[in-house]
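Pulled from TrEMBL:
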type	residues	note
TRANSMEM	51-71	transmembrane segment
TRANSMEM	91-117	transmembrane segment
TRANSMEM	153-173	transmembrane segment
TRANSMEM	180-204	transmembrane segment
TRANSMEM	210-228	transmembrane segment
TRANSMEM	240-262	transmembrane segment
TRANSMEM	274-292	transmembrane segment
TRANSMEM	301-323	transmembrane segment
């Protein structure tokens, strides 16, 4: 028995030696030797891996959806209290502050060596200019809808975001384009969700909502697809974080310039209740939660696909009418 345990320890030490030397072929032989002593084989371990990977992927997707839904719900709750109570509907400065927080967070992570960022590239920033402008305009329209629109028309149009991302993905000929079966399934779910909501009824709609709601969804889908196309083209030369950093810095320039031109810029500084800790707490919560939402959606589009980002953004609104039927 002791001889057998000593032999197993010797084989394990060989494995660690080969790991340090990074010899993949020898590592495979060593692992097969160790697994054979325990009654397993490489083929059986690979079969377990093929069984566990879809389960782990499903759990990760479910966790991301739940996390984003909770962040979005908390953000909507804080906005519903903060904006009416303090009469602070200055959406352009709020959007600029959120994007600035994201850029500072990326620089802080780079400073502590968590991620690696290249210096801002004018060439990459120029290619990210169109999604930066479209994404900035969409973020401003989204904040406007949270502050002024209460009819439910904006969430209704939000459910079209995945379908529009599929359309733009085919137009831009992305590599990760969904199949015909998935497209038809997504179109059916979207149509059913919208039909149930319209059958229940929509409250009084302001005229601007009919313009801002479809424009916001169109800009959002176009922005997600364009940034994914740029990231796909730059994959050999720049990492996902480099692409996102260029996008965020370009958005800072766009929103900063817009804040200087917009009349809400000086008023946002003058009419804020800066001596109230409650005001500062609500404002900080809105900025951090909104920045986290933008980070999750944009990184999903850059790393996976625009459709994955759109489903992350609109999954709660798509599923809500079906929950009401239960």
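Glycine residues also receive a Cβ, built from the backbone N, Cα and C atoms like all the rest.
If you look at the transmembrane segment (301-323), the same-chain residues 6 or more away from its ends with a CB under 8 A from one of its CBs are 64-65, 68-69, 72-73, 155, 158-159, 161-162, 164-166, 168-169, 174, 176, 178, 189-190, 192-193, 196-197, 200, 220-221, 224-225, 227-228, 231, 240, 243-244. Listed by sequence, the residues of this chain that lie at least six past the ends of the transmembrane segment (51-71) yet keep a Cβ under 8 A from its Cβ atoms are 289, 292-293, 296-297, 300, 312-313, 315-316. Just going by CB pairs under 8 A, the stretch in 91-117, 153-173, 180-204, 210-228, 240-262 that sits most against the transmembrane segment (274-292) is 91-117. Tertiary neighbourhood of the transmembrane segment (240-262): same-chain residues 92-93, 95-96, 99-100, 102-103, 106, 115-118, 120-121, 124-125, 128-129, 131-133, 135-136, 140, 227, 230-231, 234, 298-299, 302-303, selected by CB-CB distance under 8 Å and a gap of 6+ residues from either end. Away from its own ends, the transmembrane segment (153-173) comes close to residues 142, 145, 183, 186-187, 190, 193-194, 197-198, 202, 205, 209-210, 212-214, 216-218, 220-222, 224-226, 228-229, 305-307, 309-311, 313-314, 317-318 of its chain (Cβ-Cβ under 8 Å, at least six residues beyond either end).
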